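Chemist: Residues or ranges marked as ATP binding site by Swiss-Prot on the basis of sequence analysis: 26-33, 143-146, Ile172, 180-183. The active site, proton donor annotation in Swiss-Prot covers His33. If you look up Swiss-Prot, you'll see Gln57, Gln149 marked as (R)-pantoate binding site. Annotation comment: Swiss-Prot describes Gln57 as beta-alanine binding site.
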Amino acid sequence: MEIITDIASLRVRLQDEASIALVPTMGNLHAGHLSLVRIAQQHAACTVVSIFVNRLQFAPHEDYDRYPRTQENDCRLLEEYGVDIVFIPGEKTLFPIPQEFQLLLPPVADTLEGACRPGFFRGVTTVVLKLFNIVQPQVAIFGEKDYQQLQIICRMVAQLNLPVEIIAGQTIRAEDGLALSSRNNYLDNIQRQKASELACNLKKIGESIASGERNFPQLEWSAIERLNMHGWKVDYISVRQNRTLLPATACDSGLVILGAAWLDQIRLIDNFPLVLS
């Protein structure tokens, strides 16, 4: 496995590769990330994992400075998994001058996560587009855990005619249903025991819909009330069309239930995809 930190060296290393798969990450890797690595290895001759904590997607009051950075352990795990290249650019590598150009995003980027974290998706898409230009992969792997992000990146690729196929990896969960996330490291033992309640409530909505319930606002409100009663502060719970991310209607068959909520000072997000027959 090679660890590369500069763009020129990476391009030289990749120039003769028949096919390249990219797995963009912010590090602090867990089984969810590693499942994406396995998918990448099935789709290309060379697997590149990038590690970059993207300052652009953090608001000033958010956790950029304390976001877990575990580069040594990350590289050990990736070597065990047979990754070919780990690309770890510094901030000056990706942003040698102030970033003046950014994408104009569609309205969906201002809803849900975008409404709670203004500028988040602009920061995400800027760095993802940079990575696509640098690595020039044929395939890139993103997790369904960040469902709205996945859909926005798919739109970016389609509408900008980028020559890369986006493949989604399923959310990996702990035994109690909690979606694996780097921010789970913030949870203490008591919080960890409660953390799966968000996933359980999203799943409960999905089960109600699968059983024939179509009063989506009532299902959303009931889940929010249950979480609030258990000490959570909910940003949103919303039933959406799974591709457009517009509010779902009773006629839709492809759905996703998305949620974000605070457990004390820790913000968790999750989703529950649902396809009705």
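Numbering starts at 1 and runs along the chain as it is shown here.
Here the Cβ of each residue, glycine as well, is placed from N, Cα and C on the backbone.
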Chemist: Specify the nearest of the recorded positions Met26, Leu29, Gly32, His33 to Gln57 ((R)-pantoate binding site), where nearness means the distance between Cα atoms.
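Modeler: When the Cα distances are compared, Met26 comes out closest.
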Chemist: Using DSSP, would you call Ile172 (ATP binding site) helix, strand or coil?
Modeler: coil
Chemist: Based on DSSP, name the secondary structure state of Glu144 (ATP binding site): helix, strand or coil.
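Modeler: Reduced to three states, the DSSP call for Glu144 (ATP binding site) is coil.
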Chemist: How big is the gap, in Å, between the Cα of Glu144 (ATP binding site) and that of the residue listed as 'active site, proton donor', rounded to a whole number?
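Modeler: Cα to Cα, Glu144 (ATP binding site) and the residue listed as 'active site, proton donor' are separated by 11 Å.
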Chemist: Need the DSSP three-state call for Leu29 (ATP binding site) to compare against my parser.
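Modeler: DSSP call for Leu29 (ATP binding site): coil, neither helix nor strand.
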Chemist: On a count of neighbouring CB atoms within 10 A, which of the binding-site residues Met26, Leu29 is highest?
Modeler: Leu29
Chemist: Hey, how far is Met26 (ATP binding site) from Gln149 ((R)-pantoate binding site), Cα to Cα, in Å?
Modeler: 14
Chemist: Cα distance, Leu29 (ATP binding site) to Gln149 ((R)-pantoate binding site), nearest Å?
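Modeler: Leu29 (ATP binding site) has its Cα 18 Å from the Cα of Gln149 ((R)-pantoate binding site).
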